[in-house]
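Chemist: Can you keep this structure in mind? I'll have questions shortly.
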């Protein structure tokens, strides 16, 4: 086996490709000296043999074999012939997966403008040429001629547009016997555009623009700066303006635009194949018309159709009529495949499905601490399975991975104990789409729960913008020690109390919490059950309430030796009683204090309700933990 080659790279740069580079992408030289790579036929596969047609859109000579280690004609079959190029069919004997990256190219019989740079916003071609977009379109789509060189004609200027009649008039003057016009050049179509772009001297243009900007003001200055910025970018990247007009177009690998046979014998194919077929057909027809020296008007019409076919291939619907397939559905062009939510970048590169992740519906978990989440058992055993298997083997409970998996599938009780050990101190990350700010993904300590729903603390809902009407959340397990440390130190819910946008607290009590706190501490004079009773501790009060001995809002006395704060002054006793044993009882507004003869406090009972005791007890427990 050959060692796998790993190419180290820092970034991917997207820019203009020169015709030479496009040709390099697809061109290969066979051992017999034959150069392959150009796609010349619109055919895809032979419907009798179901094999790709040579020089077609699925050609095995250009893109590689359709079957592993097998050439087109069948002379070489087996891995032992690796690297051999069949002398009969010219197909290299290699793996079929090369068809995922080998490209081809189509050499165009006439240059065509790239629709992104022509019809994009802003139109870079029109900015560079300093012409209105409407005029540039007139040239590209063969509606108007453009003066490439005025020569000695006084009535003509460089880049001036001419109608058909005006050009015929000038042509008559040029070819008349007593003609004085010399050096007049007029063009039409993308060829004229190519000439205009090639004539631009970027450095010289940038220099003169900088001088003009110094004197210009207002709208004109803004326009000049816009043009200078484009020119500077061309200089910085080393791209040439004429590369925006294509003489060669790349053909993407066949496995990225597949053709598959359906059950009924029919074929389903990617829309790109239809768009490429249109381009090849029109290109071949144009080449044939040029060969037989067809009338100019016919050739020009074919060039316009080729331009439209390439436009549809690159960005269908950007200009002119949208090309539709069967059942009037617009065909998906290269731009449609790249852009949008379902495009290659967002769907396949940024939005990959990842291992060690799961998703489920969320339900409220009011008994959880803010840094905890309830993770269903069956989800946890799946997510943490490698860790559990490792722990089972290390502890000697099983000898190999297969035995460990069998133990897990049998739901052996020992597995749950191991799982508890594994998840202790191992944070998980919860994410709710759409992740609009950094608090859309936070980490929690998992607590194993029954059922199939993830339990979420109600206080973190505003950060996730979550509610419990069927929302789903994704769980991700950080694997490396570094990621676990980051999850614990930076992403733990208890560390994300303030909103990154406003700096105000995002974890604030609301709804049930506020209502519950209000109800516990509210006054209700009608609550009389157990009113006036004395209790020796806060725990006794809670126990009496749980046994339904007292009402939640009944006023009672409970012994409490700590300090008491009140929003109302309570320093002067309302009533003082001298007891027979020499002690005194001081009755304040909210407490009852018993003192000895020296004034030392013997006991203190506070006047409160069971609801307030429960509320106070909950806060004390939270602070203590």
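Think of each number as a place in line: the chain as shown, counted from 1.
Even glycines carry a Cβ here, placed using N, Cα and C.
Pasting the relevant annotations from Swiss-Prot:
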| type | residues | note |
| --- | --- | --- |
| BINDING | 71, 73, 86, 89 | Zn(2+) binding site |
| BINDING | 467, 469, 471 | Mg(2+) binding site |
Chemist: Taking the center of the Cβ atoms of 467, 469, 471 at the recorded Mg(2+) site, which other residues in this chain have a Cβ no more than 8 Å from that point?
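Modeler: These residues sit around the Mg(2+) site: 362, 466, 468, 470.
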Chemist: Just to be sure I understand: of 71, 73, 86, 89, which binding-site residues have a C-alpha no more than 10 angstroms from the C-alpha of residue 467 (Mg(2+) binding site)?
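Modeler: Matched binding-site residues: none.
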Chemist: Ten-angstrom check, please: count other Cβ atoms within 10 Å of the Cβ of residue 471 (Mg(2+) binding site), all chains counted.
Modeler: 17
Chemist: I'd like to know which of the binding-site residues 467, 469 has the most other Cβ atoms within 10 Å of its Cβ.
Modeler: 467
Chemist: To the nearest whole angstrom, what is the C-alpha distance linking residue 86 (Zn(2+) binding site) and residue 471 (Mg(2+) binding site)?
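Modeler: That separation, Cα to Cα, works out to 59 Å.
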Chemist: Where does residue 73 (Zn(2+) binding site) sit by DSSP, helix, strand or coil?
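Modeler: Note: residue 73 (Zn(2+) binding site) is coil by DSSP, not helix or strand.
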Chemist: If you count other CB atoms within 10 A of each CB, which of 71, 86, 89 wins among these binding-site residues?
Modeler: 71
Chemist: Taking 8 Å from the centroid of the Cβ atoms of 71, 73, 86, 89 as the cut-off, which other residues in that chain fall inside it around the Zn(2+) site?
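Modeler: These residues sit around the Zn(2+) site: 60, 72, 74, 75, 76, 87, 88, 90, 91.
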Chemist: Please report how many Å separate the Cα atom of residue 89 (Zn(2+) binding site) from that of residue 469 (Mg(2+) binding site), as a whole number.
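Modeler: So the Cα of residue 469 (Mg(2+) binding site) lies 63 Å away from that of residue 89 (Zn(2+) binding site).
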Chemist: Cα of residue 471 (Mg(2+) binding site) to Cα of residue 71 (Zn(2+) binding site): how many Å, rounded?
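Modeler: Given the Cα positions, residue 471 (Mg(2+) binding site) is 53 Å from residue 71 (Zn(2+) binding site).
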Chemist: In which DSSP state, out of helix, strand and coil, do we find residue 471 (Mg(2+) binding site)?
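Modeler: The residue in question, residue 471 (Mg(2+) binding site), is coil (DSSP, three-state).
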